[in-house]
Amino acid sequence: MKPYQRQFIEFALDKQVLKFGEFTLKSGRKSPYFFNAGLFNTGRDLALLGRFYAEALVDSGIEFDLLFGPAYKGIPIATTTAVALAEHHDKDLPYCFNRKEAKDHGEGGNLVGSALRGRVMLVDDVITAGTAIRESMEIIQAHGATLAGVLISLDRQERGRSEISAIHEVERDYGCNVISIITLKDLITYLEEKPEMAEHLAAVRAYWEEFGV
């Protein structure tokens, strides 16, 4: 695990974005941890979040021309990541995002920001069922662009209804890499380093053994 990944876990814990306990997910599955990226909700939070996303992008080595943030959660992520890439990595790249409803006046259309073209890096918080990715792919393909990859904050590394995860389904269906700032394995590694979190480690390990991919 790299330093920025460890720092991201501590950032998420500090902001209570990442919590341990017993949580019932939308699927009905009981999880020993919960991740709610919506709690990154101040200016400083967003500035830091953008730096972690930018670090993961640079670390991945994936080549891309533009950042795309699917409405709604992906919008601030794309914006802050673009700023962080320019300020901290000297990479001044365009970004855009979609509207849920297309405008019929003013600039019109369903996109805001740069023209959607070239190799597109999609940024979002998490992938649960992959629905937002599929909707975004329709937009990307309609503009003649290609998907270079997808970056999310946390890869839960668990299977959904089938034997593979929603992330693996996206990789299979669109032939792209899905990368993340951290994975469930990183979280387990972090817990292993913290004796005071031993009770959570046992629960997360058990969950991984039952549902992990």
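The backbone N, Cα and C atoms fix where each Cβ goes, glycine too.
For Lys26, 72-73, 99-100, Lys103, His105, 124-132, the entry in Swiss-Prot reads 5-phospho-alpha-D-ribose 1-diphosphate binding site, with the evidence type sequence analysis. Mapped onto three states, the DSSP output places Asp125 (5-phospho-alpha-D-ribose 1-diphosphate binding site) in coil.
Sequence annotations record features per position, and here Swiss-Prot assigns orotate binding site to Phe34, Phe35, Thr128, Arg156. The Cβ of Arg156 (orotate binding site) lies under 8 Å from the Cβ of Phe35, Val126, Ser165, Leu184, each of which sits 6+ residues away along the same chain.
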Fewest other Cβ atoms within 10 Å: which of the binding-site residues Asp125, Thr131 wins that one? Let me know.
Thr131
To the nearest whole angstrom, what is the C-alpha distance linking Thr131 (5-phospho-alpha-D-ribose 1-diphosphate binding site) and Phe34 (orotate binding site)?
20
Between Lys26 (5-phospho-alpha-D-ribose 1-diphosphate binding site) and Phe34 (orotate binding site), what is the CA-CA distance rounded to a whole number of Å?
12
